[in-house]
Amino acid sequence: MAICDWPEDERPREKLLQRGASALSDAELLAIFLRTGVAGCNAIELARNLLQEFGSLRALLGAEQAQFCQAHGLGPAKYVQLQAVLEMSNRYLSECLQRGDSLTSPQLVRRYLQAQLRDRPREVFAMLLLDNQHRVLRFCELFFGTIDAASVYPREIVQTVLKHNAAAVILCHNHPSGVAEPSHADRHITERICDALRLIDVRVLDHFVIGDGDPVSFAERGWL
């Protein structure tokens with residue numbers, strides 16, 4: 001059955017307008033993006049098939065062009081549209097944390113750091129630099145590693161902090177395995193960084209580890 005023949009309150013577009021985007025399933029949101037189905041398959045059915053094929057919405061959105069375009073009902077035009085949507089989402093989050101803004105929402109910081117690091121195939125260590133009123137100065141990616149480790153050097157972190165005259169920092173790194181639980185090495189290097197920055201009177205407000213689920217906060221664990 002075509003979606004236009006469904007009851008109005010069950011159609012994805014109308015449902016979004018009436019109840020908001022959060023009320024829609026992954027398949028319904030994807031169907032709105034797809035707009036149309038293929039022969040013998042409406043947009044909702046196509047969306048469900050794609051989610052089953054890729055395993056998750058995140059896997060579909062993160063697919064490389066060749067893999068994406070091999071899927072039934074998708075092609076280069078849809079890939080371009082999708083990349084544009086994803087980039088707009090990243091820029092929205094970046095604007096929310098643009099230079100000069102105070103950090104008033106811990107959840108926004110989590111979302112921003114997730115967007116920057118979660119799907120990286122290799123480990124990346126980065127930090128948010130803040131002034132003495134906790135306004136954002138800069139987001140810096142500092143160290144890049146292998147699939148399971150990145151070498152981190154406290155001296156280079158200190159140099160970066162001094163260069164930008166930061167008064168506080170938020171550290172972050174990803175675990176490409178998807179498991180966000182901090183390792184013993186993560187805790188050890190964080191202690192070394194805190195000790196180094198304490199010598200120049202700069203505070204480490206938090207250290208987030210990014211994985212598949214919610215980021216793990218060192219501050220919430222009482223480790224800072």
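Heads up, the Cβ atoms here are built off N, Cα and C, so glycines get one too.
Per Swiss-Prot, the range carrying the annotation motif 'JAMM motif' out of 5-18, 173-186 is 173-186. The DSSP breakdown of the domain 'MPN' (102-224) into helical (H, G, I), extended (E, B) and coil residues amounts to 41 helix, 35 strand, 47 coil. Comparing Cβ neighbour counts within 10 Å across the binding-site residues HIS173, HIS175, the minimum falls on HIS175. For the domain 'MPN' (102-224), the model's average pLDDT works out to 91.
Within 8 Å of the centroid defined by the CB atoms of HIS173, HIS175, ASP186, the record's Zn(2+) site, lie the Cβ atoms of GLU123, PHE125, ASN174, ALA180, PRO182, SER183, VAL209, ILE210, excluding the listed residues themselves.
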